[in-house]
Amino acid sequence: MSIQEVTLHRMVMRLKDPFTTSFGTFQDKEFFVIEMEDESGCSGFGESVAFSSPWYSEETVETNKHIMENFLIPLLLESPIDHPDEVSKRFEPIRRNNMAKSGLEGAVWDLYAKRNHTPLYNALGGTKQQIDVGISIGIQPTAKELVNVVEGFVNEGYKRMKIKIKPGADYEMLKEVRKYFPDILLMADANSAYTLADIDMLRKLDELNLMMIEQPLSHDDIVDHAKLQSVLSTPICLDESIHSVEDARKAVELGSCEIINIKIGRVGGLTESKKIHDYCAEKGIAVWCGGMLEAGIGRAHNIALTTLPQFILPGDTAGSSRYWEKDIIDPEVFVDKGVIHVPSKPGIGYEVNREVLESYRVEKTVYSKNNILA
Ligand code: OSB
Ligand code: MG
């Protein structure tokens, strides 16, 4: 594959409902759709997942643009690529900036699968034809409202409810949900809102039969998580702390978690995601696919990844209509009783709807091999 042209479509899409986490509220999702064309005229699509502000991690939409434009895109246009696994190697001289790397690598994977007339999930080595999914529910103003929101998603058939928590909106709210729904698969995600000083509240969560608690402590910690895990019966799942298979290995060896949330963007792409998946399969660590409020292209990549066998727990890949009035792919991602049927068309398996994409686009920048060489 010789990449001839990379197009960055800068997008702004309004979420149907604001989404609140312990670190802030999202309303407008800003990101890049990355389009890549090779010498045969074939094209592939990726999506960058950094947010407008560096709340979840240090990357932002603007830093993604800087890094892609000045460092990563020139590396891609420089010489041909035989297999997408080479992309992360080629990006290695650039430190971190995993979300910038991942958006581009995702487009290469889609392009590669399309050139080979095979679905992306198959190119990745996945086999599942359908995947089970849960839903992530933002912090609600009251326990009553939370119970109502949970009820709606339980009725839609989502397989697992994840509730965002923060100090002051944690134990009591979850207890209320558990009271009304004694049997659902329930978990909490703190997005790093606690420290070991909160150990008493965290231990009380053990009463609620949660599947897991996601990232209770600092975004860059694995040591305190190991201390916490040693006194909790609820499994800890790490999200923010894991950026690579090496991070996963260290966390598992330390006993910092029993479960890992794999987000393609956070770990720098599908190749690294697969490495973490394979390592966890070997160690018997369950994984699931996290979400970053993606539009359809990122969502399609998550679906393809989730077809790998160690994704044994339902992920956060909800249907398009949970987020958007109109998604940028055709058909949209549809969840039927908590199940997504994996598309079998080549590449990501969904068509990009150009008209809808352009309606949300605020900027378009084209980088071509000829221009860069000229
Ligand atoms: O921690 O998983 C997270 C959304 C924004 C930032 C971080 C997280 C989330 C979610 C939503 O939980 C997942 C989704 O529905 O895409
Ligand atoms: Mg999380």
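The chain as shown is numbered from 1 upward.
A Cβ is built for glycine as well, from the same backbone N, Cα and C atoms used for every other residue.
Quick look at what TrEMBL lists:
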{"type": "ACT_SITE", "residues": "LYS164", "note": "active site, proton donor"}
{"type": "ACT_SITE", "residues": "LYS263", "note": "active site, proton acceptor"}
{"type": "BINDING", "residues": "ASP189, GLU214, ASP239", "note": "Mg(2+) binding site"}
{"type": "DOMAIN", "residues": "143-235", "note": "domain 'Mandelate racemase/muconate lactonizing enzyme C-terminal'"}
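Locations of recorded TrEMBL features on the structure.
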residue : record                       : contacts (Cβ under 8 Å, 6+ apart)
LYS164  : active site, proton donor    : THR20, THR21, SER22, SER136, ILE137, GLY138, ILE139, ALA188, ASP189, ALA190, ASN191
GLU214  : Mg(2+) binding site          : LYS162, MET187, ALA188, ASP189, ALA190, ASN191, ILE236, CYS237, LEU238, ASP239, ASN261
LYS263  : active site, proton acceptor : VAL49, ASP239, CYS289, GLY290, GLY291, MET292
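For ligand 2, the nearby recorded positions are ASP189; that is, of LYS164, ASP189, LYS263, these have a C-beta under 6 Å from one of its atoms.
Checking the recorded positions GLU214, ASP239, LYS263 for a CB within less than 6 Å of any atom of ligand 1 leaves ASP239, listed in sequence order.
Within the model, the domain 'Mandelate racemase/muconate lactonizing enzyme C-terminal' (143-235) shows a mean pLDDT value of 98, rounded to a whole number. Cβ neighbour density within 10 Å is lowest for ASP239 among the binding-site residues ASP189, ASP239. Other residues of the chain with a Cβ within 8 Å of the Cβ centroid of ASP189, GLU214, ASP239, the Mg(2+) site, are LYS162, ALA188, ALA190, ASN191, ILE213, GLN215, CYS237, LEU238, GLU240, ASN261, GLY290. In the three-state DSSP scheme, LYS263 (active site, proton acceptor) is classed as coil. Look at ASP239 (Mg(2+) binding site): DSSP puts it in coil.
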